[in-house]
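TrEMBL has this to say about the protein:
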- 21-40: transmembrane segment (TRANSMEM)
- 60-77: transmembrane segment (TRANSMEM)
- 98-125: transmembrane segment (TRANSMEM)
- 137-158: transmembrane segment (TRANSMEM)
- 165-182: transmembrane segment (TRANSMEM)
- 224-246: transmembrane segment (TRANSMEM)
Amino acid sequence: MYRLFRSELLKSKRTLLRPTLFIGAVIFSILLLIVANLAPDTLENSWEHYTKMIFNMWTISFNTLGISLLCILTEYTEKKNNTYRSIYVEARSTKRVWVAKIFALAFYSFMTTALLTIFVCILALLNHLELNTIISVLEMGGITWITSLPIIPIALFCTHNFKTVGALGIGFFGFISAPIMAPENYWIFNPYSYGVRGVVPITKLHPNGIVLENTSELLNTHTITVAILLALICLAIFTLVTSFIFSQREGN
């Protein structure tokens, strides 16, 4: 399995995948820099506010359309190099190939989220924000990555079977449904809502960006644990189901 994982990582060399990870994190960091500096002087703690808001936006955009884009680039590399069959022969199990691809995408998701987290921490330190804010940024980065994991097998499955249209379709579904369902009691039924809802107790922001009252039920910290557990459970289930379907269709 480790050799397959390494193989997946090597295939991304000299492709658009790795630059895309860096560019995505840089764009959001620049967005934070611009918005926070243009904030009205009357807005207190503007840097702290927008530092947290950027992760609210990240969970809505990267965990939906961003993951789909990574899957599209991965699938494009496979088709271009025609590497599927040669890997199947070596691996002797298409299920293992599929799981390795999910692990590789999880690694890429971790890298781009880690880059954003590092950039935001640097900006926070340069603007003399307190240690509590830095800790909050690290927590939001961790939650964002973990809750992105169950989305990977979904997006990869749609990309492999329904091409770019399927990937963008499921990505737009998540982009629209995540902020709508996140504040509701049925958010647990939508994996795309896990990240959006999970960071709310830390950002203290409604998914639509409005600052929440201290008495809001959305600030319940137990939500973080629930979101993480649901993400890990769904990751296991979706990986098993999609790997089985993948192996059946590939006839191995």
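Positions of Cβ are set from backbone N, Cα and C atoms, glycine also.
Just so it is clear, the model here is predicted, and its values are computed rather than measured.
Ranked by the number of CB pairs under 8 Å to the transmembrane segment (60-77), the listed stretches 21-40, 98-125, 224-246 are led by 98-125. Residues of the same chain lying 6 or more positions beyond the ends of the transmembrane segment (224-246) and with a Cβ under 8 Å from any Cβ of it are 94-95, 98-99, 102, 143, 146-150, 152-154, 156-157, 160, 188, 191, 194-195, 197-198, 201-202. Beyond its flanks by at least six residues, the transmembrane segment (165-182) meets 59-61, 63-65, 67-69, 71-72, 75, 151, 154-155, 158-159, 189-190, 192-193, 195-197, 200, 207-208 of its own chain at Cβ-Cβ distances under 8 Å.
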